[in-house]
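S.K.: Quick paste from TrEMBL:
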type	residues	note
COMPBIAS	52-65	compositional bias 'Low complexity'
DOMAIN	272-386	domain 'Right handed beta helix'
DOMAIN	392-490	domain 'Right handed beta helix'
DOMAIN	501-647	domain 'Right handed beta helix'
DOMAIN	658-766	domain 'Right handed beta helix'
REGION	1-71	region 'Disordered'
């Protein structure tokens, strides 16, 4: 049993003994320590009784009629000394079952204002026990019986002591009133203080186990004058130092002023509690050189509707296990360093419905393992709104407004933690920051907007989590910087920031799930080596430059994400070691390019779509830059589906490149290369696939159909295309082209039903080499060389074309055919004109409508070696106008015809003048020793054979 209760029990027993009433209910001792659940609104349960003035001090305290009137006006206080409503009623939704929070394992805040209860400042328990002794055999009398009422009044006179202090009162100071005998004996002491300034020479210390109420005799709203305690000697004004003491002060201001030489003694305290409980209501606290309220060890302070301001160090400090509760419209402002400070393990502050503004450094500080919980507070215009610092330190915030702080809204560092729910962090320099390893901040349904630098930041190893949060109107919405720093975003929005939605740099990390990065300059950035971003089901759209960017070695992985309507790029990667990995992503309707890799970066995309971008679906540029596409689509883009330049490399497998306005794929510049496997480049505006200005393309198993002009081609010197087992069909002009010096090699390819020509080699040094290819049913020609172009074909079929199977036209144009079949063409199997050259070895020419072979014009030359002609039209060979034809060991079945001195009116004849033609049937044995077998051969063998043929042509006079 506590000393106070023991003393009260002894008094009750003495009273009961004098009345001879021992036979009724015994006095029971308390079973265990007191517990203090949440404060209730109900007050004392017995009527208040004013005892008659018996002592001189009581007579002096009762002489003023104003006092009595004041007592009558304040019924709530006079009736049973009830504790006033401190505004901490249970909030029903504090512990609500929010599935979205549970899914993310986000702990909920809970009510913790549980340090006071309704009996702390009443004596009803003592009264009931003493009545049991006093009534004795009359214990069965009713509650309203005269015997019970009489005994109750007498006991109240013993248990409750009422005193008044003031300049004209018996007690001049608070300390003298507390030292009187009546106060020491009473279970409850009530001290009324006259309005005005009371200068205290020494602190008033409550060191007895008493219940004490101190209040202004006339509150300011009634008298118009404040009641103020101030210090004369620079000493604390009030101290509570007994574990069983409970003190309630209302409508009194405490102003501590130190006029000595030092004005920065941060240890000076205006009020301090080392043990016991102190409740302050409607008070003003100031300590110009130190701490307004300091609560230590087992002390508990509740501050209700108070103003704590202009303290030299801290407004309210809890340390060494002390507990501070700040509730119900308190205002903590203008303090030099901290508004509220909770430091040391076991120390805590609990805050509700209060304002922290204009404090010099921190509005609220938690350190060295302290704890703080705040509900529905406003923390503004400090340097830092809230700081949680040191291992074990923790801050829980809900429905708070942390705005307009000159540096940071909420800061967490050095291993501390913070949980923030439903809060605003706006118009600070930084909204929320976490730094150092093992520091963590978790935010839920909070708004971090319009901060001057960033909304949410993690640095130096800190971790930040945000669920259903908004980061808007900052310079940068979210930042993760430094090795080990991590940001985790879920269902959050980083929109309309001036620069970057989510920016990760210098080895920081971020993971974003179902987030938005909209209307920023950049949606997401991974900058510097080691920086990494993981995106899942996110949207980065309508950004001024890029939706997603990786540069200087950053890494980004995106899955099931959408990048659309960005003004420049949907996705971009820059610089060596920068990497982007995309899975099932879409980049569409971006201002320039859906996906870009430049300056040595590397991008891998799987099951992605890059559609309807204004220029390129995919673009790779710069030496060592690589883009790899697997099962992707790059369709309906303004220029190219895939573009490659300046030494870049693009690789695509099982990818569709359709309906782009100019080309499906373009490789441009020396060193640039595109490799295609099982791709479809069809229905594009001009070209399916092109290598230009020195670029290289390799296509295997690809389809190139329905393009407006060309299926696939190589343009300009140095450009090369290798085509294997692919189809170039039904294109608007040409299936396969080599122009202006381009080189194309096709193996086992089909070139079918193109509108004009199946295969074209045009202009100087352009070369097309075909092996086991088919060029059938084309609108005019199967394969044609002109303007000094060259075509080589081995084991190819050129049949059923509307005009000719093969054409060599113009001086310097060459066609070399080995073991090829030219069948069923609408005009000629082969046509040589205007100075072209055709060399044919072991070829079959049959069923062509007009002639097997046609040659005309001066300098046109044809050499046929071991060729067969069957069932052609009117003539096997039609030679005219000064051309030269050499036939070596070739059975010509049918007639051959030499047309001499006739007008040049045949197909495509140039106006060179008609001259007599020469047809020379060479003897078979002439080259018999060089005959080769009819099976397929390697290119090396065919090259050697062509060289031997050329040497023998020179011997027989073919120039």
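Residue positions begin at 1 at the first shown residue.
Placement of Cβ uses the backbone N, Cα and C atoms for every residue, glycine included.
As the structure is a computational prediction, the values presented were derived from the model and not from experiment.
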S.K.: DSSP on the domain 'Right handed beta helix' (392-490): how many residues come out helix, how many strand, how many coil?
M.R.: 0 helix, 57 strand, 42 coil
S.K.: Kindly state the mean pLDDT of the domain 'Right handed beta helix' (501-647) in the predicted structure.
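M.R.: A mean pLDDT of 95 is what the model gives the domain 'Right handed beta helix' (501-647).
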S.K.: With DSSP as the yardstick, break the domain 'Right handed beta helix' (501-647) down into helix, strand and coil residue counts.
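M.R.: Its residues divide into 0 helix, 87 strand, 60 coil.
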S.K.: Please count the residues of the domain 'Right handed beta helix' (658-766) that DSSP assigns to helix (H, G, I), strand (E, B) and coil.
M.R.: 0 helix, 60 strand, 49 coil
